Amino acid sequence: MKAWGALWIVLGLLLWPEPGAASSLPLLMDSIIQALAELEQKVPVTEASITASAWILSAKNSSTHNSLHQRLLLKAPSHNTTEPDPHSLSPELQALISEVAQHDVQNGREYGVVLAPDGSTVAVKPLLFGLEAGLQAHSVANLPSDCLAIPCDTGDTLANIRATWPGLMDAFPNASSPDVGATLPNDKAKTPTTVDRLLAITLAGDLGLTFLHRSQTWSPPGLGTEGCWDQLTAPRVFTLLDPQASRLTMAFLNGALDGALLGNHLSQIPRPHPPLSHLLREYYGAGVNGDPVFRSNFRRQNGAALTSAPTLAQQVWEALVLLQKLEPEHLQLQNISQEQLAQVATLATKEFTEAFLGCPAIHPRCRWGAAPYRGHPTPLRLPLGFLYVHHTYVPAPPCTTFQSCAADMRSMQRFHQDVRKWDDIGYSFVVGSDGYLYQGRGWHWVGAHTRGYNSRGFGVAFVGNYTGSLPNEAALNTVRDALPSCAIRAGLLRPDYKLLGHRQLVLTHCPGNALFNLLRTWPHFTEVEN
């Protein structure tokens, strides 16, 4: 029960932050884990969650999703319980939790986020809500009974799937019929009466509301905006790369997905649950229970396996309907039909699954500590028609952690700039064996990777020497499938692009015999004479 008690105290502080001095602790996931570990030592092995719930339910919260959270997450208080005292925590810990209490985006800065060991930035609030939903071990909550009567229940019969979900079959052409039939309303369906608690609390509600707002203002939602920390060793300030970003930043999506994945894990394992500090240390480290795939580096791949697009669309719709019924005064949701909410849910899910889950995670230049570009970059004329594959050769060993990959990036940039006298690192992108891509010159600047052809294609390099061995499967899948499909969708790469190895155009052994022989079996590979 320690996991419950510690998390309820943290959630209480999240929902009821008190003003005070800024924490001296760096905004690192390790600091959050440290905070949970300290709380776990203070919480007795009792039904502490019931005690804390009374306190949390009485808290004042300015969040627009307060009613959704209370309906799906918080239990009714017991009159026989006493409130936990947050002041028993150290002042430094109180200050840290208050600092990450609410996720927000203001004036180009993002609040309530921390830097994880894998180099990703994570919003704390949706992560902790997902953990709590998982600890409760109930995935489905009923709509409130008073909202099943007039005026909450409109009584509108949704004639068929196409009427309920305009464009859904076109939006998800690869969804199997059984999946669609299992998750979408049938021809007699009415107002949804259940909602997935994990996804509604961590992701679906925010996803739907953000796209609803942007559809009303005719503005794209700016899904997954990245940002830069003021420093990486002891980060304090996170500035977004797009000052017009929506709340669905990369950090928020990371936190929401982590919360859903870990909450799902907690709901399926037997009790007693492991200490949450231990679970987070594994997830943001080598992997939960030693599984190297079940960790934050591969959240997108694991998230894609957690739910299908039609299922997520259904859950986004149900979250919006529930919020509409719980908050009839909500301006965004007034005079909006369920069919319109279904359209928003379809659009939001399509964008999330294709532009986030379906795309590789790319660390921006600031994340690996890039030196400034020397001179003035030449813009590419997009879309390009070629993808050129390299291996770095030196560094020879694959990089398997953010720290080692970032160090390799800085080393290659120094060599390219100081020894070869290039303006910048030559590659467009570099592929680590840690589950991440690293931005070099990126999508818009001409690189220095394939002499004579730099303006015609993107240069992508695997870290390592692949003369006699291959990169890991995750890295290969990224370059073969995720990266080009995402670039095509964004209009950066032509659908009929050609894939070539470096050696086909320049006198070199790059990208190594083993890797090149594999490339020859890939789609879009083209034989040319050097």
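For all residues, glycine too, the Cβ spot is worked out from N, Cα and C.
Record features, source Swiss-Prot:
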type     : residues               : note
SIGNAL   : 1-22                   : signal peptide
CARBOHYD : ASN61                  : N-linked glycosylation site
CARBOHYD : ASN80                  : N-linked glycosylation site
CARBOHYD : ASN174                 : N-linked glycosylation site
MOD_RES  : SER219                 : phosphoserine
CARBOHYD : ASN335                 : N-linked glycosylation site
DOMAIN   : 386-512                : domain 'N-acetylmuramoyl-L-alanine amidase'
BINDING  : HIS390, HIS502, CYS510 : Zn(2+) binding site
DISULFID : CYS399-CYS405          : disulfide bond
SITE     : TYR427                 : site 'Important for catalytic activity'
CARBOHYD : ASN465                 : N-linked glycosylation site
Next item on the list: Check the Cα distances from TYR427 (site 'Important for catalytic activity') to each of the recorded positions ASN335, HIS390, CYS510 and keep only the ones within 10 Å.
Entry: HIS390
Checklist line | Tally of residues which DSSP labels helix, strand or coil - the domain 'N-acetylmuramoyl-L-alanine amidase' (386-512) | finding: 38 helix, 28 strand, 61 coil
Checklist line | Cα separation, ASN465 (N-linked glycosylation site) to CYS399 (disulfide bond) (Å, whole number) | finding: 11
Checklist line | CB-centroid shell, 8 A cutoff, Zn(2+) site HIS390, HIS502, CYS510, site residues removed | finding: TYR388, VAL389, HIS391, HIS449, THR450, GLY459, ALA461, GLY501, ARG503, VAL506, THR508, PRO511
Next item on the list: Taking the Cβ of CYS510 (Zn(2+) binding site) as the centre, count every other Cβ atom within 10 Å, in any protein chain shown.
Entry: 23
Next item on the list: Output the one of HIS390, HIS502 that, of all these binding-site residues, has the highest number of other Cβ atoms within 10 Å of its Cβ.
Entry: HIS390
Next item on the list: Average the per-residue pLDDT over the domain 'N-acetylmuramoyl-L-alanine amidase' (386-512) and send me the rounded value.
Entry: 98
Next item on the list: Using a 10 angstroms cut-off on Cβ to Cβ distances, just flag whichever of ASN335, ASN465 is the loneliest among these glycosylation sites.
Entry: ASN335
Checklist line | Cα-nearest neighbour of ASN335 (N-linked glycosylation site) within the listed recorded positions, HIS390, CYS405, CYS510 | finding: CYS405
Next item on the list: To the nearest whole angstrom, state the Cα distance for the pair CYS405 (disulfide bond) and ASN465 (N-linked glycosylation site).
Entry: 14
Check: Among all the protein chains here, how many other CB atoms are within 10 A of the CB of TYR427 (site 'Important for catalytic activity')?
Finding: 27
Note to self: Between CYS399, CYS405, which of the disulfide-bonded residues has its C-beta surrounded by the fewest other C-beta atoms within 10 Å?
What the structure shows: CYS399
